[in-house]
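Working notes, structure below.
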Amino acid sequence: MTGDQATGVEEAAETDTETYDLKDDGGERARKWPAIGVALAVLWLFVRGVHFIEEPGLAAGEFIIGLAVGLPIAYGIRGIYAPTYGLRRSLSILPAAAVYIGLFLWELVTANVDVARRVLLPWVTIDPDVIEVPLRVESDIAITTIANSITLTPGTLTMDYDEDRNSLFVHTLAATDDASVVEPIRRWEDYALVIFDERLSPGSPVPEPASPDPDGGEDDA
């Protein structure tokens, strides 16, 4: 095979790959960077604290600013993520994503109330501790999403992640009731398994935390 022929084969392979990416998922794929740019623009609105209903004109202006900044950023970093996404797949996970956000917002409100109660009422105990939360999700984006959700919730903080055990270590103000800390994390994880197309499913068994050995370390057996 001559050099020109080899070059032609490589170019054809690249073209075939790009065509496959765009036509995969039933011919319903789209470039990802514009969607990420729009997501950054929406995030900018929340950062600015714009009231959409009370100030629609200001919201529109801030959204345009967000697009002007977000789209070039998304285009510039497009090499670090998959270039396309499946429209059908994206639409199918919208219900799970909506429930995840709803559960997170509910936990955000109730956790604020709980922390305020513990701070303002002297007879309510504060018993801080670090607990291990083994995960079923395995992808970096799913783990990061859950870890950030924990940190953003008052009263809990993601301190570390153990890659070998696939576990998060969470600092909590209510160590006397570990189950109440883990329960919302498990609910988030059930929907994260669907949203991020993980290998396991919401019905998969939940791994148990590693038990400490008599010497104070962790039993890896």
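We number each residue from 1, going along the chain as drawn.
For all residues, glycine too, the Cβ spot is worked out from N, Cα and C.
Heads up, TrEMBL stuff is auto-annotated, nobody curated it.
The compositional bias 'Low complexity' annotation in TrEMBL covers 1-10.
Per TrEMBL, the feature region 'Disordered' maps to 1-24 (among others).
Among the features that TrEMBL reports, region 'Disordered' is placed at 200-221 (among others).
Taken from TrEMBL, the feature transmembrane segment covers 33-53 (among others).
Per TrEMBL, transmembrane segment is recorded for 59-78 (among others). Proximity of distant same-chain residues to the transmembrane segment (59-78), defined by a Cβ-Cβ separation under 8 Å and at least 6 residues beyond the stretch ends, is recorded for 32-34, 36-45, 48, 50-52.
Residues or ranges marked as transmembrane segment in TrEMBL: 90-109 (among others).
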Open item on the list: At a C-beta cut-off of under 8 Å, are there same-chain residues at least 6 beyond the transmembrane segment (33-53) that contact it? List them, or none.
Closed with: 59, 62-63, 65-67, 69-75, 78, 81, 83, 85
